[in-house]
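**Q** Got a structure here, written out as structure tokens. Questions coming.
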Amino acid sequence: MATCAEILRSEFPEIDGQVFDYVTGVLHSGSADFESVDDLVEAVGELLQEVSGDSKDDAGIRAVCQRMYNTLRLAEPQSQGNSQVLLDAPIQLSKITENYDCGTKLPGLLKREQSSTVNAKKLEKAEARLKAKQEKRSEKDTLKTSNPLVLEEASASQAGSRKESRLESSGKNKSYDVRIENFDVSFGDRVLLAGADVNLAWGRRYGLVGRNGLGKTTLLKMLATRSLRVPAHISLLHVEQEVAGDDTPALQSVLESDSVREDLLRRERELTAQIAAGRAEGSEAAELAEIYAKLEEIEADKAPARASVILAGLGFTPKMQQQPTREFSGGWRMRLALARALFARPDLLLLDEPTNMLDVRAILWLENYLQTWPSTILVVSHDRNFLNAIATDIIHLHSQRLDGYRGDFETFIKSKQERLLNQQREYEAQQQYRQHIQVFIDRFRYNANRASQVQSKLKMLEKLPELKPVDKESEVVMKFPDGFEKFSPPILQLDEVDFYYDPKHVIFSRLSVSADLESRICVVGENGAGKSTMLKLLLGDLAPVRGIRHAHRNLKIGYFSQHHVEQLDLNVSAVELLARKFPGRPEEEYRHQLGRYGISGELAMRPLASLSGGQKSRVAFAQMTMPCPNFYILDEPTNHLDMETIEALGRALNNFRGGVILVSHDERFIRLVCRELWVCEGGGVTRVEGGFDQYRALLQEQFRREGFL
């Protein structure tokens with residue numbers, strides 16, 4: 001630093017002592033942060049300009065800074081020990097401070113010797129200038145080595161590089177790949193991801209999978225809000241919230257999602273109006289011609305047809321496409337949000353359980369549509385068949401990290417098993433090798449003739465990489481209690497039932513269905529066809545307009561609603577919920593019941609609002625099965641459940657000794673459980689003899705006829 005000090009003294013002989021100390025301090029403490037002369041000019045150039053008065057212009061100040069920068073670079077090896085370095089991973093201070101006594105006093109910090117003779121006013125003025133400069137700089141440089149960003153209760157921190165920052169700010173970064181390295185994501189005091197990396201290559205379709213509650217939805221939100229840094233030139237859309245209802249027709253709402261087209265059309269109308277009114281100044285005609293060329297380039301005239309095809313594929317009839325958005329229910333507005341995202345075609349499309357809002361027909365259409373998607377997709381889904389149809393890669397979230405796999409979900413399962421097997425083999429082989437070396441060390445530790453060999457073996461042990469045993473995910477087990485006596489049919493039936501809310505719109509006409517304790521019936525059909533209405537008729541929650549509902553006197557039905565979350569008190573814990581619903585039992589019984597569905601330990605005592613969607617579903621299952629029903633009616637039970645839980649639910653239903661009727665859109669779950677397939681359509685229910693294969697073939701043929709494929 002003496003050389004830099006000499007440069008300052010020689011170039012600015014009149015420099016104030018306090019300012020001199022201040023500048024040399026900045027140069028010393030920030031030397032590792034100056035990656036170019038521009039950084040140094042930005043840090044102290046303005047201050048040196050004030051010191052020089054009129055004796056040096058900008059070029060002169062820059063020349064001085066260049067000399068000091070060269071000196072700092074030459075001195076770099078000597079100052080390396082004090083330089084700032086990029087951490088291997090972001091550090092959580094809360095984890096470090098847990099090891100310290102909060103009551104510890106640090107006298108060196110509390111009472112510091114005041115030996116400085118610097119003029120307080122001058123120092124204050126200099127520090128104010130530096131603070132203003134640093135604030136200005138921090139606005140430009142958003143890439144710091146650990147930058148906490150908060151989204152509701154979630155936060156993220158990540159390492160960054162100045163090189164990427166400069167490419168981004170200069171506009172030279174033209175890549176549409178998304179690469180985020182070495183980041184953490186936390187939710188409250190829980191670490192969801194630690195030192196994780198995610199790489200999304202342009203044009204590939206990624207399925208994000210993992211157990212409930214590990215942070216998949218939180219990760220999507222971090223990307224959507226750019227709390228995890230996605231390059232600014234990459235457009236992204238996160239289908240999370242339903243479209244707000246107003247008087248805009250559904251089709252127009254979708255068209256408006258293309259902001260480029262809308263801006264061009266708006267400007268076209270303005271220019272046309274000016275020319276028609278005689279207010280044109282001469283340049284309007286040329287601008288209008290340019291706008292027409294751009295509209296033709298983006299095929300603006302074909303946009304309404306493309307939007308209509310998307311809406312039709314998602315189940316909107318021509319009449320519905322012209323309805324105001326305020327007339328749609330929440331589920332249909334979510335479909336509308338998905339349609340807008342598909343129409344807008346962002347560079348990165350983020351989807352969180354898109355199949356939850358769709359029926360089987362719409363899911364099959366979406367599978368076909370996404371297979372030709374031109375840009376990048378990251379989708380959270382627990383629908384195995386959906387991921388097999390659309391995913392080119394799988395990202396597995398587990399153990400606070402992300403592992404990437406090439407291929408669809410079935411390929412991922414095989415690759416993961418092979419990877420775990422290889423990891424276990426490597427771990428066991430190293431353990432044997434370590435043990436072999438340790439035996440030698442223990443045997444000859446006190447043998448002077450073997451001392452050098454023992455030391456060599458100890459160094460070998462130190463150099464071995466630390467391999468950890470394979471972290472296997474626990475198996476999910478669910479069981480429906482069935483300690484009841486069987487009884488003879490008829491168990492549950494609807495006979496010649498008519499039902500409607502409005503006589504002008506009959507939902508069912510002469511409906512006749514029946515089920516017994518051996519039944520495993522799955523109901524499918526388009527949204528609005530009456531699936532949930534039929535379930536409520538079977539439950540007895542709705543009374544037929546005509547016809548009869550018959551239920552056995554010993555029948556005890558357990559009902560799972562697709563809107564179960566809305567029926568839970570989210571301010572209480574799972575244990576409190578069961579205690580209120582079934583009072584008078586010991587807490588151990590409530591905990592045991594919840595444990596059957598994977599809600600154990602502190603999870604059972606946390607407010608339901610803090611649980612993931614899948615965990616709330618498990619609580620709803622625990623509540624539903626507490627009275628030991630002998631028949632279950634389930635409306636979309638797999639929504640929000642992870643794949644392992646869906647598999648466990650399927651096994652539990654197959655082992656259950658009572659009857660089951662369920663509505664589902666999950667193809668694998670239907671194939672796992674279903675013995676009968678009912679299709680709701682045209683005011684009635686049809687039994688499909690060929691099962692789901694026949695139903696899928698019928699839908700594919702319908703798509704071909706309607707031109708969707």
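Residue numbers in this text run from 1 along the chain shown.
Glycine too: its Cβ is placed from the backbone N, Cα and C atoms.
What you see is a predicted model, and the numbers here were worked out from it, not measured in a lab.
According to Swiss-Prot:
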- Ala2: N-acetylalanine (MOD_RES)
- Ser83: phosphoserine (MOD_RES)
- 129-143: compositional bias 'Basic and acidic residues' (COMPBIAS)
- 129-171: region 'Disordered' (REGION)
- Ser155: phosphoserine (MOD_RES)
- Ser157: phosphoserine (MOD_RES)
- Ser161: phosphoserine (MOD_RES)
- 161-171: compositional bias 'Basic and acidic residues' (COMPBIAS)
- 178-424: domain 'ABC transporter 1' (DOMAIN)
- Gly210, Arg211, Asn212, Gly213, Leu214, Gly215, Lys216, Thr217: ATP 1 binding site (BINDING)
- Ser283: phosphoserine (MOD_RES)
- 492-707: domain 'ABC transporter 2' (DOMAIN)
- Gly525, Glu526, Asn527, Gly528, Ala529, Gly530, Lys531, Ser532: ATP 2 binding site (BINDING)
**Q** Find the one among the binding-site residues Gly528, Gly530, Ser532 whose C-alpha lies closest to that of Arg211 (ATP 1 binding site).
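**A** Minimum Cα distance from Arg211 (ATP 1 binding site) across Gly528, Gly530, Ser532 lands on Ser532.
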**Q** Give me the CA-CA distance between Lys531 (ATP 2 binding site) and Ser283 (phosphoserine), in Å, as a whole number.
**A** 60
**Q** Of all the recorded positions given, Asn212, Ser283, Asn527, which residue's CB has the most CB neighbours within 10 A?
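**A** Counting every other Cβ within 10 Å of each candidate, the maximum falls on Asn212.
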**Q** What's the number of neighbouring CB atoms sitting within 10 A of the CB on Ala529 (ATP 2 binding site)?
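**A** Around Ala529 (ATP 2 binding site), other Cβ atoms within 10 Å: 21.
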**Q** Give me the non-local Cβ neighbours of Gly215 (ATP 1 binding site): same chain, 6+ apart in sequence, Cβ-Cβ under 8 Å, ordered along the sequence.
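**A** In sequence order, Val185, Phe187, Leu192, Leu193, Leu397 meet the Cβ cut-off.
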**Q** When a 10 Å sphere is centred on the Cβ of Ser155 (phosphoserine), how many other Cβ atoms does it contain?
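**A** By my count, 19.
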**Q** Using the Cβ center of Gly525, Glu526, Asn527, Gly528, Ala529, Gly530, Lys531, Ser532 as the ATP 2 site position, which other residues in that chain lie within 8 Å, going by their Cβ?
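**A** Output for this site, in sequence order: Asp359, Thr533, Cys680.
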**Q** Going by DSSP, is Ser155 (phosphoserine) part of a helix, a strand, or coil?
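**A** Reduced to three states, the DSSP call for Ser155 (phosphoserine) is strand.
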**Q** For the domain 'ABC transporter 1' (178-424), provide the mean pLDDT of the predicted model.
**A** 91
**Q** What are the non-local neighbours of Gly525 (ATP 2 binding site), defined as same-chain residues 6+ apart in sequence with CB under 8 A from its CB?
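**A** Looking at Cβ-Cβ distances below 8 Å from Gly525 (ATP 2 binding site), excluding near sequence neighbours, one finds Asp359, Lys531, Val679, Cys680, Glu681.
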**Q** Between the Cα atoms of Thr217 (ATP 1 binding site) and Ser155 (phosphoserine), what distance do you get, rounded to the nearest Å?
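**A** Ser155 (phosphoserine) has its Cα 13 Å from the Cα of Thr217 (ATP 1 binding site).
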**Q** Just give me the nearest neighbour of Gly210 (ATP 1 binding site) among the recorded positions Ser283, Asn527, Ala529, Cα to Cα.
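**A** Going through Ser283, Asn527, Ala529 one by one, the Cα closest to that of Gly210 (ATP 1 binding site) is Asn527.
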**Q** Cβ within 8 Å of the ATP 1 site centroid (Gly210, Arg211, Asn212, Gly213, Leu214, Gly215, Lys216, Thr217 excluded): which residues?
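**A** So the additional residues around the site are Leu192, Leu397, Ser612, Gly614, Asp642.
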**Q** Distance between Ser283 (phosphoserine) and Lys216 (ATP 1 binding site) at the Cα atoms, whole Å?
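**A** Given the Cα positions, Ser283 (phosphoserine) is 52 Å from Lys216 (ATP 1 binding site).
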